[in-house]
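Here TrEMBL flags 1-43, 308-328 as region 'Disordered'. The domain 'AB hydrolase-1' annotation in TrEMBL covers 81-315. The active site annotation in TrEMBL covers Ser156, Asp181, His305.
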Amino acid sequence: MDSSNLASLPEDTIEANQPQQAPRPLSAFASRPDRPATQSSSKKFAPLDWKGYFDNEDDIPIPDSDDVFHVYMAGTEGPVVFCLHGGGFSGLSFALSASKIKEKARVVAMDMRGHGKSTTENETDLSIETMCNDVQAVMKAMYGDSPPAIVLVGHSMGGSVAVHVAAKKALPSLAGLVVVDVVEGTAMASLFHMQKILSDRVHHFSSFEKAIESSVKGGSLRNIESARVSVPATLKYDDSKKCYIYRARLEETEQYWKAGLSEKFLSSPVPKLLLLAGTDRLDRTLTIGQMQGKFQMVVVRHTGHAIQEDGPHGVEIPGLSRPSQSKP
């Protein structure tokens with residue numbers, strides 16, 4: 001093409017025939033790659049199915065009563081690690097633990113009276129005597145008169161129940177006792193503030209996701225995965241308020257909050273393990289007992305009160321051996 005004719009061409013024709021150049025960024029910040037999309041809050045705190053941690057669930061009816069206790073189970077061989085949750089929690093608070101323990105033993109996690117999917121005639125009778133009877137009745141219904149070797153594991157309220165069941169010496173197959181972050185001295189000291197703690201917490205949630213988010217951001221649970229499994233089971237839908245509320249009516253159970261523990265724990269004749277989030281939780285009786293070697297103590301760092309939930313893999317029970325594999 002004659003260069004003298006270029007001047008007569010329209011400007012857009014000239015630009016179309018010239019090579020395109022990438023636009024120059026306005027600044028160094030403008031040249032940064034786009035950020036990956038952040039996970040939405042609804043997905044981050046979405047509930048997880050218990051089936052990813054336990055193998056099955058069942059309802060255990062108690063003869064001569066209207067009580068039915070819900071249990072989650074995992075594993076097929078070895079002793080039974082029977083888990084009792086704390087007040088306001090559910091059997092699913094042991095989900096992360098069950099997924100590890102079931103490689104070496106069987107796991108049963110029970111919804112206590114007034115909690116989870118269990119249904120009882122008196123939902124607010126959380127007396128030690130009643131809850132001990134509940135545990136023994138469930139074991140009787142599940143295993144009859146010949147229960148397998150059982151390791152009792154209890155967190156908080158469930159720890160107190162486990163200690164008292166062991167102290168009754170009515171379970172001849174009891175092989176071990178594990179108490180998770182419950183010490184009589186510190187428990188008694190905190191009772192004065194318990195009603196205020198219960199009244200100050202958030203009581204109404206528009207969705208499971210909001211409840212899970214509240215439990216994590218509020219600090220009651222530190223492990224998002226465990227919260228996503230366990231929190232929904234602690235709630236029920238209130239049709240009158242059109243929202244989710246707590247399943248357990250803990251404010252109505254104050255008369256049952258006091259119970260002796262340390263001496264009974266030390267007197268149990270089976271191997272004992274105390275899991276704590278910090279050594280400052282030891283009272284005088286347990287400090288002396290620990291110095292005398294009456295029990296094993298493990299401090300699980302970077303966890304809160306719910307050690308079995310806050311730990312990245314739940315709680316692993318020392319001394320459990322993997323079931324032997326049969327040879328062909």
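Using the three backbone atoms N, Cα and C, a Cβ is placed for every residue, glycine included.
In the shown protein chains, 22 other C-beta atoms lie within 10 A of the C-beta of Ser156 (active site). Taking the Cβ of His305 (active site) as centre and 10 Å as the limit, one finds 19 other Cβ atoms among all the protein chains shown. Taking only the Cα positions, the spacing between His305 (active site) and Ser156 (active site) is 8 angstrom. In this structure, the CA atom of Asp181 (active site) is 6 Å away from the CA atom of Ser156 (active site). Mean pLDDT across the domain 'AB hydrolase-1' (81-315) comes to 90 in this model.
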